[in-house]
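One structure is given here, and the rest of the page talks about it.
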Amino acid sequence: MSARPETRRLTTRDIGAMRRRGEAVAMLTAYDHVMAGLVDAAGVEIVLVGDSLGNVVLGHETTVPVTLDDMIRHGAAVVRGTSRAMVVVDLPFGTATDPDTALRAGIRVMQESLCQGVKIEGGASVAPIVRRLTEQGIPVVGHIGLTPQAVHQLGGYYRHGKTAPAAQALIDAALALQDAGAFALVLEMVVPEVAAEITGLLDIPTIGIGSGEGCAGQVLVVNDLLGLNTSPAPSFARPRANLAEIIDKAVRAYVGEVKATRFAATPAPEAARKGRKGPALV
Ligand SMILES: Nc1nc(=O)c2c([nH]1)NC[C@@H]1CN(c3ccc(C(=O)N[C@@H](CCC(=O)O)C(=O)O)cc3)CN21
Ligand SMILES: CC(C)C(=O)C(=O)O
Ligand SMILES: [Mg+2]
């Protein structure tokens with residue numbers, strides 16, 4: 001029995017209840033303690049520690065180099081920074097190749113980051129993996145459509161479900177992942193009509209990114225929302241702030257103030273070597 005039920009962490013059951021009463025799920029990424037706290041306090045239901053960490057935080061070109069240790073370290077920081085949101089951590093490239101490998105990775109992530117669930121990219125072939133993890137008590141979010149870990153195989157970041165067979169494959173995958181026990185399903189860059197159809201077919205919430213408004217929730221990379229990027233954000237992202245500009249102004253002001261500081265000049269290197277007395281080091 002919780003003494004303060006209003007501050008307890010949300011669970012898979014809360015997310016399921018939201019789907020049933022038609023309340024959209026707000027999901028946003030975070031990778032560190034301070035941003036996780038801000039996002040949590042502002043009312044996001046699920047904080048995703050995305051493997052977009054690779055692009056956004058670590059400066060990689062794709063998510064492929066991100067390791068399980070990277071995800072665990074940042075996942076743990078996000079968990080420590082949140083109290084209400086459910087925290088879901090992406091299983092990175094190469095860690096969900098088969099049910100047993102994925103289970104080992106999922107157990108490590110759950111035990112070492114203390115998060116409340118994991119997300120796994122992939123279609124119908126991933127269903128046995130989702131089943132294995134959920135049977136062991138690990139909540140799983142599916143992720144279909146554009147799956148960035150497969151970028152080298154896909155050949156780019158483009159929209160999915162454009163042809164009738166492609167749309168049907170997405171529908172089949174969505175149903176298979178739900179049947180395997182996924183409690184939510186990310187639809188990334190799926191043709192909006194197909195995303196809306198999948199949303200209507202599923203009992204679990206679909207969480208869209210670049211897939212239109214007909215999803216049961218939305219997810220975005222927090223840096224794309226805040227205008228804090230080094231490379232251009234995907235076109236589906238509508239920034240609500242320009243933090244890069246705010247930071248640039250503040251840092252320029254700081255640099256200017258530092259440059260205006262009056263201080264006693266240090267002795268020339270020649271003089272210092274000869275042991276002559278100069279001003280004390282700060
Ligand atoms: N900052 C950021 N935001 C993301 O949403 C994101 C990442 N990083 N890194 C990991 C993946 C990669 N994702 C991406 C990356 C690029 C596009 C993109 O550029 N899309 C183009 C279309 C490109 C094409 O048609 O080939 C666009 O205009 O949206 C979309 C999703 C989503 N994820
Ligand atoms: C874009 C979301 C869905 C994601 O997987 C990530 O941030 O890694
Ligand atoms: Mg991801």
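Just so you know, glycine gets a Cβ as well, placed from its N, Cα and C.
No curator has checked TrEMBL annotations; they are predicted automatically.
Per TrEMBL, the features are:
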type: BINDING; residues: Asp51, Asp90, Glu121; note: Mg(2+) binding site
type: BINDING; residues: Asp51, Ser52, Asp90, Lys119; note: 3-methyl-2-oxobutanoate binding site
type: ACT_SITE; residues: Glu188; note: active site, proton acceptor
Of the recorded positions listed as Asp90, Glu121, Glu188, the one whose CA lies nearest the CA of Ser52 (3-methyl-2-oxobutanoate binding site): Asp90
Longest CA-CA distance among Asp51, Ser52, Asp90, Lys119, per record bound to 3-methyl-2-oxobutanoate, angstrom: 12
Inter-residue Cα distance where the pair is Lys119 (3-methyl-2-oxobutanoate binding site) and Asp90 (Mg(2+) binding site), in Å: 5
Residues within 8 Å of the Asp51, Ser52, Asp90, Lys119 Cβ centre (excluding the 3-methyl-2-oxobutanoate site residues themselves): Thr29, Leu48, Val49, Gly50, Leu53, Thr63, Val66, Met71, Val89, Leu91, Pro92, Glu121, His143
Spatial neighbours, same chain, of Asp51 (Mg(2+) binding site) - Cβ under 8 Å, 6+ residues apart: Thr63, Val66, Met71, Asp90, Pro92, Phe93, Pro148, Gln149
Where the C-beta lies under 6 angstroms from ligand 3, the matching recorded positions among Asp51, Asp90, Glu121, Glu188: Asp51, Asp90
Packing count at Ser52 (3-methyl-2-oxobutanoate binding site) (other Cβ atoms within 10 Å of its Cβ): 22
Close-lying binding-site residues around ligand 2 among Asp51, Ser52, Asp90, Glu121, where CB distance stays under 6 Å: Asp51, Ser52, Asp90
